[in-house]
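Copied over from Swiss-Prot:
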- CYS60-CYS286: disulfide bond (DISULFID)
- CYS72-CYS84: disulfide bond (DISULFID)
- CYS105-CYS147: disulfide bond (DISULFID)
- CYS290-CYS314: disulfide bond (DISULFID)
- CYS493-CYS497: disulfide bond (DISULFID)
- ASN30: N-linked glycosylation site (CARBOHYD)
- ASN46: N-linked glycosylation site (CARBOHYD)
- ASN167: N-linked glycosylation site (CARBOHYD)
- ASN249: N-linked glycosylation site (CARBOHYD)
- ASN431: N-linked glycosylation site (CARBOHYD)
- ASN503: N-linked glycosylation site (CARBOHYD)
- CYS566: S-palmitoyl cysteine (LIPID)
- CYS569: S-palmitoyl cysteine (LIPID)
- 1-18: signal peptide (SIGNAL)
- 19-533: topological domain 'Extracellular' (TOPO_DOM)
- 555-570: topological domain 'Cytoplasmic' (TOPO_DOM)
- 534-554: transmembrane segment (TRANSMEM)
Amino acid sequence: MNTQILILATSAFFYVRADKICLGHHAVSNGTKVDTLTEKGIEVVNATETVEQTNIPKICSKGKQTVDLGQCGLLGTVIGPPQCDQFLEFSANLIVERREGNDICYPGKFDNEETLRKILRKSGGIKKENMGFTYTGVRTNGETSACRRSRSSFYAEMKWLLSSTDNGTFPQMTKSYKNTKKVPALIIWGIHHSGSTTEQTRLYGSGNKLITVWSSKYQQSFVPNPGPRPQMNGQSGRIDFHWLMLDPNDTVTFSFNGAFIAPDRASFLRGKSLGIQSDAQLDNNCEGECYHIGGTIISNLPFQNINSRAIGKCPRYVKQKSLMLATGMKNVPEAPAHKQLTHHMRKKRGLFGAIAGFIENGWEGLIDGWYGYKHQNAQGEGTAADYKSTQSAINQITGKLNRLIEKTNQQFELIDNEFNEIEKQIGNVINWTRDSIIEVWSYNAEFLVAVENQHTIDLTDSEMNKLYEKVRRQLRENAEEDGNGCFEIFHQCDNDCMASIRNNTYDHKKYRKEAIQNRIQIDAVKLSSGYKDIILWFSFGASCFLFLAIAMGLVFICIKNGNMRCTICI
């Protein structure tokens, strides 16, 4: 039998690794989530809190001229009950009212009390001037057991005018005071409502009583209303205190025939101050500019969630407990399976029309900058940060928190001023209006932070895109984008070559000839990734068919020549 030996030759295929440079951005394993205008919970590399929640439970008074009123109520400083004797005149830029403080001794109330309290809180203290009133035919030493010093007395800054004798006639009187100062004068007087008609007659004589007060801007008449009332401090009578701010060179006139509590001294405000109501302890070892009932807020943040009634140089109160401001790029932690040179990429439009960042996975090892390169060549692999693009992004983000504070201050100061004008006309802003303002502030805060976050993410994405385009323009036809943030270079590119790409000094003409030759060789056999599997299977099938055909041909020739016999047994 003739024997033929068939030798099958096999071809060996090998892969030559191409030089490659990839672009990426910094990432961390655990970023911070922020909200933008279009999306909530976006993770960024860096973010800072804009809402202060830390309170110091003390009144920080270092560097302040502080007056602690203790048992004296603020309004008491202008009428002079016994508990306020030491505060009839004072200077301060921080006035602290305590819960135990009381404005009065003989029971009564102030007209437009909160507005007067607000004026006094801002007063900077009080100084007094005698109004020069003298009286004949009446007693000026009315006193009460409700206002005790060593014995029965009265308000230090007021005169309780009585008939010269019990049940005696009270004469009609007119008294005037001209403000000769260059600042407004605070004038306070009282109307006495006796506990009964009998008491009123005993104190001021019989007949109807009428008190009239006028100036160039004010005119009002008062009629006392005697009658029984619940006893307070042992008294069933009441004193209603009224007041006005008398302009310079203006004159106030009082006309009365009884039941009149006359002012003795006019009050003048010394300057400016902050007045707070708090039982927190004074602390002269810390400084503060923002105060509330629970203590001091010390913060450089634009917003706070501690107290809506804080006063001074304060962050604006918002309902949100946290509003994170992005100060870094969008973070996509590097997955273990993707800690290679290649990275998935995506492109989309940002809110403001710029191309948003397209590199999906960051590099956690890129710690020297926000953007950078990785490369591989015959000399190995390397990583380098791009400082120019990093600094460009940082420069645009630096000061973002301060700019946010400026925006909120400008916006909210306008709102404050508008409502201050309303308060002068109609009194205090009612609570529902205050709540509405807080709603507006809270919405504005959330909106402004979301806008800034959107801008930051678009900005940092744009810097990534600029860096990518810079590399693409340098390499031109000497490399090909692989769609994964990398460029496959068609020539040998050593470390100096890679450095020239990073430094924007790459000379594509120098490598053009080599790159074109290698591109032609690669393109001749390059398969599109979409059809690679199909062609490989087709090639395998065709090879098997060809091998089978050759084998059958050899068998047929051998049978024909008698070198092989086929016997079929049934």
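Placement of Cβ uses the backbone N, Cα and C atoms for every residue, glycine included.
What Swiss-Prot annotates, mapped onto the structure for a quick look.
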{"residue": "CYS72", "record": "disulfide bond", "Cβ contacts under 8 Å, 6 or more apart": "PRO81, GLN83, CYS84, GLN86, PHE87, GLY101, ASN102"}
{"residue": "CYS105", "record": "disulfide bond", "Cβ contacts under 8 Å, 6 or more apart": "PRO81, PRO82, GLN83, THR144, ALA146, CYS147, ARG148, TYR155, ASN233"}
{"residue": "ASN167", "record": "N-linked glycosylation site", "Cβ contacts under 8 Å, 6 or more apart": "THR201, ARG202, GLY205, SER206"}
{"residue": "ASN249", "record": "N-linked glycosylation site", "Cβ contacts under 8 Å, 6 or more apart": "LYS178, ASN179, THR180"}
{"residue": "CYS286", "record": "disulfide bond", "Cβ contacts under 8 Å, 6 or more apart": "ILE56, LYS58, CYS60, LYS62, THR296, ILE298"}
{"residue": "CYS314", "record": "disulfide bond", "Cβ contacts under 8 Å, 6 or more apart": "GLU289, CYS290, ILE297, GLN304"}
{"residue": "CYS493", "record": "disulfide bond", "Cβ contacts under 8 Å, 6 or more apart": "ASP19, ILE21, HIS375, ASN377, ILE501, TYR511"}
{"residue": "CYS497", "record": "disulfide bond", "Cβ contacts under 8 Å, 6 or more apart": "ASN377, TYR506, TYR511"}
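Separating the Cα atoms of ASN30 (N-linked glycosylation site) and ASN46 (N-linked glycosylation site) is a whole-number distance of 10 Å. Here the Cβ of CYS290 (disulfide bond) has 22 other Cβ atoms within 10 Å, regardless of which shown protein chain they belong to.
Its Cβ placed at the centre, ASN46 (N-linked glycosylation site) has 18 other Cβ atoms within 10 Å. Shown are the disulfide-bonded residues CYS60, CYS84, CYS147; of these, the residue with the fewest other Cβ atoms within 10 Å is CYS147. Here the glycosylation sites are ASN30, ASN503; the one with the fewest Cβ atoms within 10 Å of its Cβ is ASN30. Following the DSSP three-state reduction, the secondary structure of ASN249 (N-linked glycosylation site) is coil.
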